[in-house]
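Student: Below is one structure. I have some questions about it.
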Amino acid sequence: MTAATLRHWRWVHKWSSLVCTLFLLVLCLSGLPLIFEDELEDLLSPLPRAAVTAAGQDLNLDAALAQGLEKHAEMVPMSLTWPAGTEHLLYLWTAPRPQATPDGFRLTVIDLRNGAVLAEPPIRHRPTDVIRTLHAELFAGLPGSLLLCAMGLLFLAAVVSGLVLYAPFMRRMAFGTIRREAARRTQWLDIHNLVGIVILVWTVVVGATGVANTLAQPLFRLWQVDQLGAMIRPWAGKPIPDRVVSVDAAVAAAQKALPAARPESVAYPYSRFGSPHHYIVWMRGDEPLTSRLETPVLVDAVSGDVAEVRPLPWYLRALEISRPLHFGDYGGMPLKIIWALLDLATIAVLGSGLYLWLAKRTPARRSGAQPAGARVNPAE
């Protein structure tokens with residue numbers, strides 16, 4: 001590598017790192033509790049996610065919902081959700097009127113074995129919701145997500161340029177060498193390089209999946225406009241039906257269409273997030289991978305027949321796979337602990353990199369003699 005090329009890579013590494021470091025520190029610090037989001041929700045949330053564990057036969061879905069809605073017959077069902085990792089539990093979202101915004105939703109937690117209402121918690125931001133909003137969009141909506149996308153790309157540029165700079169350094173010294181006889185800054189440089197190269201693959205994976213996740217909102221809107229719009233276009237202009245089939249019949253039709261899958265959620269025809277002529281039943285598999293892959297089933301709200309089953313496009317499939325990989329949510333608690341340790345190591349790399357840049361600009365450091373070993377280091 002020529003001296004000019006080396007200078008260019010140094011410039012890329014320095015400025016890509018400096019611009020994104022503070023953002024990456026925020027992401028690493030906020031991402032740490034999100035790795036254990038399920039465990040934190042079980043600890044902090046009033047929702048009885050783990051309370052329904054005894055064996056039992058679920059009621060017909062309509063019967064369970066009728067009992068669950070008995071005290072709020074005036075409310076209009078908007079959607080259903082089967083919480084992941086639970087049995088016999090259903091979340092029912094209702095509103096005072098059709099097409100209501102989420103601000104007016106009421107949440108009812110129902111035991112599917114007997115229709116009992118287990119909780120009606122107020123819908124408010126949980127601690128994990130606040131942390132996730134910070135992590136995903138910096139409390140700035142779509143502009144915040146796009147800003148984090150740009151910071152993620154800069155982070156990947158910093159990782160790649162750091163590897164390019166570290167390669168010639170490795171030829172001069174044994175792997176893992178820390179020059180303890182050198183100045184403090186040189187020792188920190190060796191630690192920075194060592195930890196960075198050890199977690200290289202993980203940082204690339206998490207950085208790339210993080211960039212993908214920042215695009216979730218615009219990609220889902222694209223799907224709604226493009227593919228969902230095409231699916232419901234044949235019903236455009238038709239009058240909104242006065243009566244619809246039961247949600248149990250709609251879910252049964254979806255399960256018949258995809259017998260190897262199970263329902264994850266249902267959007268009612270009255271919901272603004274679906275179609276006024278259809279139930280949209282979201283199905284997922286039972287395996288560790290397929291449980292992350294959702295398939296929408298369009299069920300005619302009048303006839304109860306399946307109107308269309310259309311798998312999500314490749315870009316949303318990739319997003320569904322990347323989201324749990326980003327938080328280490330594929331291998332249970334052992335993988336989460338590994339992810340947390342690697343997250344802490346990344347914080348150390350970011351902090352040491354910032355220290356190295358600041359220390360290099362301290363007048364006392366500039367005037368002091370620098371060991372020969374430090375002067376030949378191309379990764380500096």
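Glycine is no exception: its Cβ is also placed from the backbone N, Cα and C atoms.
Just so you know, TrEMBL annotations are computer predictions that nobody has curated.
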Student: Can you identify, from 59-80, 191-212, the stretch that TrEMBL calls transmembrane segment?
Tutor: 191-212
Student: For the transmembrane segment (191-212), find every same-chain residue at least 6 residues outside the stretch whose CB is under 8 Å from a CB in it, and list them.
Tutor: 27, 148-149, 152-153, 155-156, 159, 162-163, 166, 169, 176, 178, 318-319, 322-323, 325-326, 342, 345-346, 348-349, 352-353, 356, 379
Student: Apart from its near flanks, which chain residues at least 6 from the ends of the transmembrane segment (145-170) lie with a Cβ under 8 angstroms of it?
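Tutor: Non-local partners: 1, 6, 9-10, 12-13, 16-17, 19-20, 23-24, 27, 136-138, 193, 196-197, 200, 203-204, 207-208, 210-211, 214-217, 377-379.
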